């Protein structure tokens, strides 16, 4: 039998030490990676339960193993809460990631070689929307749309491509696009050209749930998402769909691309969906958008350009060329100042993908720890201070001290 007193710190001190260092890093640094957030203690607790011991191939009420009566309750809670949160007709909570959620939809409705429209990775899309290095781009005939001359999603291009190529599926959604996407218009283009319509809201899901970003569920045949990022849940994926597609999607996930579901993670998803249904989460989503607006405006005042001119969401792409610094260099030097960002290509970027001319910033994590407009403005100024003098160690140290004061005042997890 196991002794509950033999906790991780006693069983594996080396691993525990690394985890403690990561905890310190998360507490001390301002986290601005748009795809990252902090999960609640309840979400993390769910992932550490005995549910990790249970195999449960199949779906609630239709399992291939015995002893699933309680994991059925867990998974059904997650399904019902997800449907309530977004107004979906049907939902699958088993995908282990957003990428697998997308793959599940593709497997459900496409055959190898079918034509699909997706947003170009170089202009803000995602790997799984047809990038040549990804399985989606290898298995299917993806055609890419992008941005117009104002760096706004080019709906006219989508319409022209759809008319010319008559795709089986049109995919909307992005990993680095700051503005609202007109899902109703995209759905109309799909219908007029005989295509199914899928939306990947991995980045925007928390804002959609909080009423701060358009909800694609009424317009799309399929909506996929991750459950971390702006939803603040565990790392995982989900698929929402019209009822007529439920059987095909469920079969594509299991047995199509996955085996036994991770019920401990599904439990954590259920917790996150309950949290997202609360009035407090709507306040959180609203603050995320307010903070992003202030952060973007502050950076513009300090001489930096925001791709698309502004943000209407949680995320923004910052063009660094005016400062004479690459995204790779900016990521490194801001990291020294305890500000965590990721390098990111800008549209028509002249630099290589591992270098880039931009950085991507997001406000979900900073907002979770309690940052409001004043802290967002200060953060923007601290970023600009570093980028204006990236090789001045004294300047970096001064910014780091201000960051440490700010993060110590607003911890992620209170000590109480």
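Each residue, glycine too, has its Cβ placed from N, Cα and C.
Going by Swiss-Prot, these are the annotated features:
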type: BINDING; residues: 121, 125, 126, 127; note: (6S)-5,6,7,8-tetrahydrofolate binding site
type: SITE; residues: 228; note: site 'Plays an important role in substrate specificity'
type: MOD_RES; residues: 229; note: N6-(pyridoxal phosphate)lysine
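Residues 121, 125, 126, 127 make up the record's (6S)-5,6,7,8-tetrahydrofolate site, and a Cβ search at 8 Å around their centroid adds 118, 119, 120, 128, 129, 130, 131, 134, 174, 175 from the same chain.
Of the recorded residues, residue 229 (N6-(pyridoxal phosphate)lysine) and residue 127 ((6S)-5,6,7,8-tetrahydrofolate binding site) place their C-alpha atoms 17 Å from one another. Each of the binding-site residues 121, 127 was scored by the other Cβ atoms within 10 Å of its Cβ; the lowest score goes to 127. Taken residue by residue with DSSP, residue 125 ((6S)-5,6,7,8-tetrahydrofolate binding site) is part of neither helix nor strand, so it is coil. Sequence-distant neighbours of residue 126 ((6S)-5,6,7,8-tetrahydrofolate binding site) (same chain, 6+ residues apart, CB-CB distance under 8 A): 119, 173, 174, 175, 200, 202.
Cβ environment of residue 228 (site 'Plays an important role in substrate specificity'): 35, 36, 37, 39, 234, 235, 236 lie under 8 Å away, each six or more residues apart in the same chain. In the three-state DSSP scheme, the residue listed as 'N6-(pyridoxal phosphate)lysine' falls into the helix class.
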